[in-house]
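What follows is a single structure, written as structure tokens, with notes after it.
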């Protein structure tokens, strides 16, 4: 009797698939970054809409903004404070990563706009500012990272269609996702990334080790990787970051190995006497 086991088919309900909390970026078949880490569990979510209503033009009886007690300094919110209903609503938001606008990437490497619209060093904070300018509900998630852009943390979740109001457009000028991406690209082009973009004026909280006397610097590119030269301050690639500081430190000079002080062996003298 053969010991080979026959394959077993398992039925999976559509509801199970719809309820899975996954991001397509984690399963990108074109992944070319061999050291891209697994995305961590969410720890901090920053709301960019603390002053106006979170869901403009959407009936208030259908969507309720997050509770005020969940917010803290700089508009930071703890995602664990959201209700299950609010989490389901946030799942309807469109996810946007900075690498979608990176001029140094091909479409296979993550770029989603045409090359003439792409920019250098795109950041999630600037994308969030663009969405706010358009009057769209937006969340900036500082800890989320695209696996092909692991050194540039941050992503944006934006709602441009009122999915809870029969898909009504929040901004009539934004008919499709492609139009939304193109408008964001124009904003990024008009607001290029500089070192000030990651400085104290950016509004992004600094890690404790960078609270005092930290000056942002451009990072050198690593051969073979598509990466920003200006990254958020909480990136592992930031110069002087405790986790990666040794990568950029110059190697110490090794002293030349001295020759051992061994006395010379005298040469044997041979005297030849001719007869």
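In case you wondered, yes, glycine gets a Cβ from its N, Cα and C as well.
Checking the ranges 222-248, 249-275 against Swiss-Prot, the region 'Disordered' annotation falls on 249-275. In Swiss-Prot, the annotation region 'Disordered' applies to 28-76, one of the ranges 28-76, 77-125.
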